[in-house]
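Feature annotation from TrEMBL assigns ATP binding site to Tyr26, Glu83, Lys101, Asp102. The substrate binding site annotation in TrEMBL covers Arg32, Tyr33, Ala34, Trp35, Trp57, Leu58, Lys59, Val60, Glu76. Look at TrEMBL and you will find 41-58, 64-82, 103-124 tagged as transmembrane segment. If you look up TrEMBL, you'll see Glu76 marked as active site, proton acceptor. Residues or ranges marked as divalent metal cation binding site by TrEMBL: Glu83.
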Amino acid sequence: MPTRPPPPKPGTDPLPLRGLRASFGYAWAGVRYAWKSQRNFRLEVYVAALALGLAWWLKVNPVPVLLLVALVLGLELINTALEAVVDLVSPNYHPLAKAAKDIAAASVLIVSTIAALIGFLLFFPPLVSRLGLW
Ligand SMILES: Nc1ncnc2c1ncn2[C@@H]1O[C@H](COP(=O)(O)OP(=O)(O)OP(=O)(O)O)[C@@H](O)[C@H]1O
């Protein structure tokens, strides 16, 4: 099967700004790949938008919310990259491939669960007071 020549490396471009633009282009392609292929990533983006909207409405400091959003989305992207590498090197069943995918998924699960807990602690008191329940 003919292979395509590798694309130019942005880091070696003699024009630094052009190289930087190319790097952003590749990173954006990664975001688009995750958005198209990962239902969990899309769900996390919707939840992030909801949390930021809620923070604005309830006048909650958005910095911890932004940090948690960055952590969850960043980890989901790394998980997606790892899945792609595992599928590339181990298209057939292998216990180590299973361990790699399961552990990467566990990291997203743990961080998302803790983020949800922190979100509850951040939003619950101002939400109750805003809705006049307390
Ligand atoms: N090559 C493999 N060898 C062994 N187990 C695998 C392999 N590929 C997948 N698995 C097992 O199947 C599970 C699901 O794998 P899959 O690639 O469908 O990931 P996923 O978590 O469903 O990801 P996606 O977010 O793409 O739906 C993995 O967590 C792992 O336990």
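The backbone N, Cα and C atoms fix where each Cβ goes, and this holds for glycine too.
Remember, predicted model here, so these are calculated numbers, not experimental data.
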Cβ neighbour count within 10 Å of Arg32 (substrate binding site):
10
In whole Å, could you give the widest CA to CA gap in the ATP site formed by Tyr26, Glu83, Lys101, Asp102?
27
Go through the chain and flag residues at least 6 beyond the ends of the transmembrane segment (103-124) whose CB is under 8 A from any CB in it; none is fine as an answer.
40, 44, 51, 54-55, 58, 60, 64-65, 68, 71-72, 75-76, 78-79, 82-83
Sequence-ordered binding-site residues from Arg32, Ala34, Lys59, Glu76, Lys101, Asp102 with Cβ under 6 Å of an atom of ligand 1:
Lys101, Asp102
Given the binding-site residues Ala34, Trp57, Lys59, Glu76, state which is nearest to Tyr26 (ATP binding site) when distance is taken between Cα atoms.
Ala34
Using only the Cα atoms of Arg32, Tyr33, Ala34, Trp35, Trp57, Leu58, Lys59, Val60, Glu76, which the record gives as binding substrate, return the largest interatomic distance in Å, rounded to a whole number.
34
